[in-house]
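Undergrad: What follows is a structure written as structure tokens; I'll ask about it next.
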Amino acid sequence: MSFPSPVGGLTQPSEFVISVLVCLAFGLLLVLAVIQACQGRGTLAVCATAGVVIERAISFGLRAAVVKHPHTESEGLSEYLQVTFAMGSVMILGDVMNVLACALVQSTKVEGAQVTTFNSGPTSTGSTRSKISGSGMNGNIPEEKQEANQQRRKYVRLFGWVQCTVWMLCLAAGFTGNSLLIAKRKNPQWNKVNQALRYTSTGIAFAIALWLAGATFYWRARLNNLARRLALLFCGLLSIPWVYRLCVMHYTIPALDAHIWGSQNLPAEKALFYTFHVLPEFILASLMLGAVDVRGVFNTGAMGGGKGWEGWSKSCGRRLKESYGIH
């Protein structure tokens, strides 16, 4: 009886070097993210991406360890790797949704909603910050324009809530379908259910990425040039692993250790996996955690909910201190 082949296949001896390199690369990326945060450019808007980076370093470290100690590879480890490979890009998608929503909400608080970027000068860390090129915040805008901005902001937030709900369904389907892929492989009915859930999760994630790209294009006049280009780049990089998964998930194999085309155990298939699944995720995580000042470009604020959230949280903190006499 055949069953769906796991994406990435079983760990092979030829993977030792590449697994170690990937583990080290993601580990160094985490260090870069810490440096970014220490320089005042960090934001909680990309905390899920940081979590994925930590997890990738662990998972590929485990794959390298399995090469040296083959007896440690178990069904539980294989299922864990299937879940993490499937869910990593979905978690990063959640961060992309968040930073784009922050940028769109902030854009409705400015007349003309045009934000430009500038370099803060040689005395800074070289980060890219943003400034408002309109006539000011809502207090200086005519009342009718304030109402239009409020209405637009309401639509953007509704758009974000709908996206978040669909994203959570994608997360649930992907986790369920991949967590039982190995354990239930000898049950034909479960194989059908798992395949349906895997395709559903991947398809929804891909659709959300296309939706985000469309929203970026639709609201392009309300985003600064760098934010617009980065949002499209993020969506494009996210789509690569999902297209790859959609292309390979239909393969079935008679045994996990089979070495036939479609088993994901052949050297050529391993090369495709690292090129189209692992590499795009690494590039995307590098951009979000180190190469790009996400906090400045997308106006996310340190808390990841936009600068308006920071102001609200600070005012709440002041009121609490005044109420309880805390100084």
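Backbone N, Cα and C atoms are what each Cβ position is placed from, and that goes for glycine too.
Dumping what TrEMBL says about this protein:
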COMPBIAS  118-135  compositional bias 'Polar residues'
REGION    118-146  region 'Disordered'
TRANSMEM  16-35  transmembrane segment
TRANSMEM  42-65  transmembrane segment
TRANSMEM  85-105  transmembrane segment
TRANSMEM  155-176  transmembrane segment
TRANSMEM  196-218  transmembrane segment
TRANSMEM  230-251  transmembrane segment
TRANSMEM  271-292  transmembrane segment
Undergrad: Let me spell it out: take the transmembrane segment (230-251), skip the flanking residues so only those 6+ beyond its ends count, and list any with a Cβ under 8 Å from a Cβ in it.
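TA: Here the qualifying positions are 4-5, 7, 86, 89, 92-93, 96, 99-100, 103, 195, 198-199, 202-203, 205-206, 209-210, 212-213, 216-217, 223, 261-264, 269, 272-273, 276-277, 280-281, 283-284, 287-288, 292, 297-298.
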Undergrad: Same chain only, please: residues at least 6 beyond the ends of the transmembrane segment (16-35) with a C-beta under 8 Å from a C-beta of the stretch. Say none if there are none.
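TA: Those are 42, 50, 53-54, 56-57, 60-61, 63-64, 67-68, 270, 274, 278, 282, 285-286, 289-290, in sequence order.
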